Amino acid sequence: MSYKVEAVPDSYAALGEGPHWDVDRQSLYYVDLESAGINRYDFKQNKVYKAKIEGEIFASFILPVENKPQEFAVGCGLRTVIVQWDGVSAVAKVTRTLFEVQPDLKENRLNDAKTDPNGRFYGGTMADSGDIFTQWKGELYSWQAGGQPNAIRSKVGISNGLAWDVKAKKFYFIDTNNHEVLAYDYNQSTGAVSNPKVIFDLRKIRPEGPLFPDGMTVDTEGNIYVATFNGGTVFKVNPSTGKILLEIKIPTTQITSVAFGGPNLDILYVTTANKFDQPKPAGTTFQVTGLNAKGYAGVNLKI
């Protein structure tokens, strides 16, 4: 198979994360996590619009809000807040807090979060000081409109990739520090997840040491795509067998997350980071075409 990897123009983010394809606006939203940056790549214009959230340090994820075209749920520290943004202006503003988690653990922060196919929130936390790869102070949560955050899993190192396969009734989750992908049984009508099992282990793929799995997505055939933070690779994996079907090579090391998008949902967008002075093109968002696969668009958050 021949796939093509191209840089999205002017897409740099020092810690790019959280890609979310919005069908209505034909745009890819993603964040620059450690500078409270929120970005929108307009597919038709082939242009990235960048904003900073006033008065905030972090933007861990960005999720469009259902029926509110200028409102987004964004992770700022331990709060999930509503941000007002027109998708063009260079400044965005927090209007209110939806909910907060782990308020007593000030050295933690929210990390990756997504909406499930029904528009519920799933996301988690991590330590943000010291050696983040050897601490397990985070938790994984779900939240839905009118409720409180519900802790799904405790003792999480770095709460990261999330994906759902409705056909297989599975929810996939990555704790980066465990070097593995878990599959939970997923009840779409209630949002409940149970019975976690390891389906992909990244400890033994590279002889020089374990790979750190980061963000994740699924395609319409049920395969998962796993970004590796220290591996320069996105792995396409059959979750039933754990077999690697394809290694998608990206021309930088710190691959943070992946999402399908584009008019036909057949472009794989890949965010990357430039932590600890990586050479160019670290921090660029890439588009991968020619994969002969399609994914699912992002789902708006119901609040």
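Cβ from N, Cα, C; glycine included.
Among the features that TrEMBL reports, domain 'SMP-30/Gluconolactonase/LRE-like region' is placed at 15-274.
All protein chains considered, the CB of N160 (divalent metal cation binding site) has 31 other CB atoms within 10 Å. The divalent metal cation binding site annotation in TrEMBL covers E17, N160, D214.
According to TrEMBL, the substrate binding site annotation covers R109, N111. Cβ neighbour count for R109 (substrate binding site): 24 (other Cβ atoms within 10 Å of its Cβ, all protein chains included).
Of all Cβ atoms in the protein chains displayed, 28 besides its own lie within 10 Å of the Cβ of D214 (divalent metal cation binding site). The feature active site, proton donor/acceptor is assigned by TrEMBL to D214.
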When distances run from the Cα of R109 (substrate binding site) to each of the binding-site residues E17, N160, D214, the nearest one: N160
Residue pair D214 (divalent metal cation binding site), N111 (substrate binding site) - Cα distance, angstrom, rounded: 11
Distance, N111 (substrate binding site) to N160 (divalent metal cation binding site) (CA atoms, angstrom): 7
Integer Å distance between the CA atoms belonging to N111 (substrate binding site) and E17 (divalent metal cation binding site): 9
